[in-house]
């Protein structure tokens, strides 16, 4: 377990970077977030959580939710049913690209770009009676925090600016790779993105990725093999177009969101969440990436 002094050092080390990135502004409800926030939390495979900075302040998890939705799909579907509809390759295009959907005849490159996450949401919508409620149930169980909730203002804000995601969904539907009602699935998807959690919640919730599929309370959520495969996808496709840079600098499987959060995993040891709302040109937290880089160097850890 890293000591508290190390986590505090990591936070202070990156503080000079504040002001160099930009807060996401294409979702009005996210644009008003205090740009000066910095937080980090780690949870060990023994279930102990430690944090520094603004680690208890909730934020919008955005695309980090795509890890939860894929995990939920893995518990409900045969793997062939999932991977026949979404690929496992890095994208190389922007996370909300229509061009790629057209070129690949409606099959998204991976589950962590918008097109792929919409297919996963479509799968969940078709198999669950109440997909929003089931997701809330899952993340509350994983984080051991019953107060985790959806931010309705953020969900509504995203829905009001959903033309591009709707276009992606309809394009996939034209290729036969989208089954449900587009509007209904979009609302579910935006609720997932609008989950509000803090660094401590997320580091606990993601422990199964570091712990062979087992959650904080020891329950097996997904198999050991599925966990390894999910971490492989996170290592190659979890950071938008910055996955290579992140692998080079940090050396851990990870997933970012435009709310400024990044989760990362040291398999067999730790799950980590960092938060700083200012983003780099790839849409990843600028200071958050630097925190993870410094932590990995100080711990001497990398999956490579």
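Yeah, the Cβs are placed from backbone N, Cα and C, and that goes for glycine too.
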Record-annotated substrate site (Swiss-Prot): member among 63, 302 besides 114, 158, 165, 189, 240, 258:
63
Cβ neighbour count (within 10 Å, all chains shown) around residue 240 (substrate binding site):
25
Which same-chain residues, if any, lie at least 6 apart from residue 165 (substrate binding site) yet have Cβ under 8 Å of it
96, 114, 118, 186, 189
The record names 63, 114, 158, 165, 189, 240, 258 as the residues that bind substrate; what is their largest Cα to Cα distance in Å?
19
Once near-sequence residues are set aside, which residues in the chain of residue 158 (substrate binding site), 6 or more away, have Cβ atoms under 8 Å from its Cβ?
27, 29, 190, 193, 194
Give the number of CB atoms, excluding that of residue 114 (substrate binding site) itself, located within 10 Å of its CB.
22
